[in-house]
Amino acid sequence: MMNRNWNPVTHKYGKMRPFDRTIPPSIRNTFSELATRAIQEAQFLTKKKYRECNEKEVLPSMTPDICIVNFYTDNGKLGLHQDRDESKESLRKGLPVVSFSVGNSAYFLYGAERNAKKAKSVALDSGDVLIFGGKSRHVFHGVPAIFPNSAPKQLMKDSCLSPGRLNLTFRQF
Ligand SMILES: O=C(O)CCC(=O)C(=O)O
Ligand SMILES: [Fe+2]
């Protein structure tokens, strides 16, 4: 387990969370298993669609040891960026980022350049899993908008989630 903190200001992984000077907790097994299963499922679907491919080259497996949690209020957004603060080896191997969306839906932009006009977009709803790895590991991506009040009503009833969008990304440092 890494127990590292990602600092969004310095873009570096460090030992402690600056706001409370504690070491981040380990990822619970139930969560890392979800991420691992999502990759297996995606590899299976890749193989089904492209019979000739090596699905583990297209989408390598990984053991998650980092989880970055983002919470977006209804006017929250995230500009186009690449995720490249993980280890050189992880990036070189294209170990995937596995992203879970919970709560309000969002627009997700992705493309080969840092250019929102050229980017493709997809809506991410509560419960969606998005994976980028292999050749797509360095894809530019961002969240230009959240759809207010779009979370499943039952989720809001059953959980203590504040109105907004929760995103969890799992990675291997
Ligand atoms: O919220 C999302 O869907 C994307 C989050 C993201 O890109 C990140 O944490 O690096
Ligand atoms: Fe990202």
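A Cβ is built for glycine as well, from the same backbone N, Cα and C atoms used for every other residue.
Remember, TrEMBL labels are computer predictions, not curated facts.
Given the structure is predicted, the values throughout are model-derived calculations rather than measurements.
Features of the protein shown, as given by TrEMBL:
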- HIS81, ASP83, HIS141: Fe cation binding site (BINDING)
- 63-173: domain 'Fe2OG dioxygenase' (DOMAIN)
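Contacts of HIS81 (Fe cation binding site) defined by a Cβ separation under 8 A and a same-chain sequence distance of 6+ are given as ARG114, PHE140, HIS141, GLY142, in order along the sequence.
The most crowded of the binding-site residues listed here (ASP83, HIS141) is HIS141, judged by how many other CB atoms sit within 10 Å of its own CB. The DSSP secondary structure for ASP83 (Fe cation binding site) is coil. Model confidence over the domain 'Fe2OG dioxygenase' (63-173) is summarised by a mean pLDDT of 98. Helix, strand and coil counts under DSSP for the domain 'Fe2OG dioxygenase' (63-173) come to 15 helix, 47 strand, 49 coil. Of the chain residues outside the Fe cation site list HIS81, ASP83, HIS141, LEU80, GLN82, VAL139, PHE140, GLY142 have their Cβ within 8 Å of the site's Cβ mean position.
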